[in-house]
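*Asks:* When I checked TrEMBL for this same protein, it listed these features:
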type     : residues : note
DOMAIN   : 39-487   : domain 'Major facilitator superfamily (MFS) profile'
TRANSMEM : 75-94    : transmembrane segment
TRANSMEM : 106-124  : transmembrane segment
TRANSMEM : 130-151  : transmembrane segment
TRANSMEM : 163-186  : transmembrane segment
TRANSMEM : 192-215  : transmembrane segment
TRANSMEM : 330-352  : transmembrane segment
TRANSMEM : 359-381  : transmembrane segment
TRANSMEM : 393-420  : transmembrane segment
TRANSMEM : 458-482  : transmembrane segment
Amino acid sequence: MAMLGRTSMPWRAPLSAPSSPSSWDTVHIINLHASTLLITTNFVQLDPIPAINTGVMSGAMLFIKEDLKTNDTQVQVLAGILNVFALAGSLTAGRVSDWVGRRLTISLAATIFLAGSALMGLAPNFATLLAGRCVAGVGVGYALMIAPVYAAEISSAEIRGSVTSLPEICISFGILVGYVANYLLAKLPLVYGWRAMLGLGAVPSAVLAVGVIAMPESPRWLVMQGRVEPALAVLRRVCDTAGEADVRLAEIKVAAGIAADAAASAPHQPSSVGKGVWREMFLHPTPPVRRILVAAFGVHFFQHLTGIEAVVLYSPRIFKAAGIATRSEILAATIGVGVTKTVFILTAILLVDRIGRRPLYLSSLAGIVASLACLGLGLTIVERSAPHHSPAWAVVLSIATVFTFIASFSVGMGPITWAYSSEVYPLRLRAQGASVGVAINRVMNAGVSMTFVSLYKAVTIGGAFFLFAGLAVLAATFFYFLCPETQGRPLEEIEEVFSRRWRERRRSPAMAVELPVSNVPDGKAGP
């Protein structure tokens, strides 16, 4: 097989070299900055929407239980029902985005979540609150599906890992905003406090529903629709040179089954986009597609089995079990969780395109396993010491390992799950494949969030985290053997990466990614 490294990609060198290396660097930096700014603006608006709700719900449940007199079963249902309806939203979002486009799907996600947030903020009773949470869940499903797909399709290979990780940093920022809102709004009267917390999500939703007008459409979706000229216009906004945009467009057209020299009137019609995808994925997949599905669905399956949702959503209960007593102290500690999560996801964004997906993901899981084991030990000692005074070292260990767990998850497994799963699908399968991946993610999320209280009552809270540690070991084994590196490869080449079995990839050095030397023109650059 021909080498798939980046030196074999003609557009990785400047197609018309500038007069000097320094001028090339300036052009590259300016265009890179412009495209990153464009996409960052999008996701800073989009992904805090579901995340703010997650952050505020962790604290709001303390007040909802007191105000509405809910029991533990109702609390678990309220926590998990959002993910059940996110499952429904994500399964339909892929087909909808193939039909109306990525941009309008983002607008639809914001509108649905706006309705759900308003319903929760005005809820007079538990039934209305639950209904609002269900509506918001559909919006979350749409948002989680479309955000990484849009990011992967509009960004270049050099920054795709960082850009597709942006949803995770925005989710983290949203959770942090939710924690801070909990702390501030807790001072309101009980009847208003939790309603203000949950209604907060309506603000960014309204901004996004209007702001989507300024965002460009995915060039790959435009090509699938036969709209080649608008796709080229978008590519010229995000590529370093016009020549690179032309070459990337040719590659996208080939991946979409359109002749590279076809004009704007491409053979694909809107009505044909997205048809036959489920048949190709599940009834008659080729060996590379089958390996892609196992990898993409697998990372979603394992993400929440490490217990991240239990820690984020139930962190107030964990801190209380560790010995933090007052409600104010508990909410302040959860702000620390949000800050830790945000800082380490920023670290992951800076590293993912430099050192690759696999090193970050596997080192992240090593930290997760160690943190969960220590957290389980600390909470077990604290629990068995009750009603007597718990050893100080066990309390410190329990609190510290919550933060090391959040840091370990956020520096690898959190952002890379979304980045990796959005980039491995072939163009024809990407939207609906991502839908199924998000659906699996939401099922696992709902399973953990709706059963965690029952689980720790059955096996103790320390035992629950020992269980999560064991599952994290399985996740590391899965990723090591079945998920190849995708760093630096254009989306149109990734299917070929999966054309070899694991043993063949391990034996072949040709699959290694080579770093480009794009600032030294050799006179041979060009298609």
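Backbone N, Cα and C atoms are what each Cβ position is placed from, and that goes for glycine too.
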*Asks:* Might you confirm whether the transmembrane segment (359-381) is in contact with the transmembrane segment (75-94), defined here as three or more C-beta pairs under 8 A between residues 6 or more apart in sequence?
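*Replies:* As far as Cβ distances go (cut-off 8 Å, pairs 6 or more apart), the transmembrane segment (75-94) and the transmembrane segment (359-381) do not touch.
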*Asks:* Mean pLDDT, the domain 'Major facilitator superfamily (MFS) profile' (39-487)?
*Replies:* 82
*Asks:* With pairs 6 or more apart in sequence, are the transmembrane segment (393-420) and the transmembrane segment (106-124) linked by at least 3 Cβ pairs under 8 Å?
*Replies:* no
*Asks:* Near the transmembrane segment (330-352), which residues from the same chain, at least 6 beyond its ends, have a CB less than 8 A from one of its CBs?
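*Replies:* Sequence-remote neighbours of the transmembrane segment (330-352) are 55, 58-59, 62, 161-162, 165-166, 168-169, 172-173, 175-176, 178-180, 182-183, 186, 311-312, 315-316, 319-320, 324, 360, 399, 402-403, 406-412, 414-416, 419, 487.
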*Asks:* The transmembrane segment (359-381) vs the transmembrane segment (192-215): three or more C-beta pairs under 8 Å (separation of 6 or more)?
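*Replies:* Contact between the transmembrane segment (359-381) and the transmembrane segment (192-215): absent.
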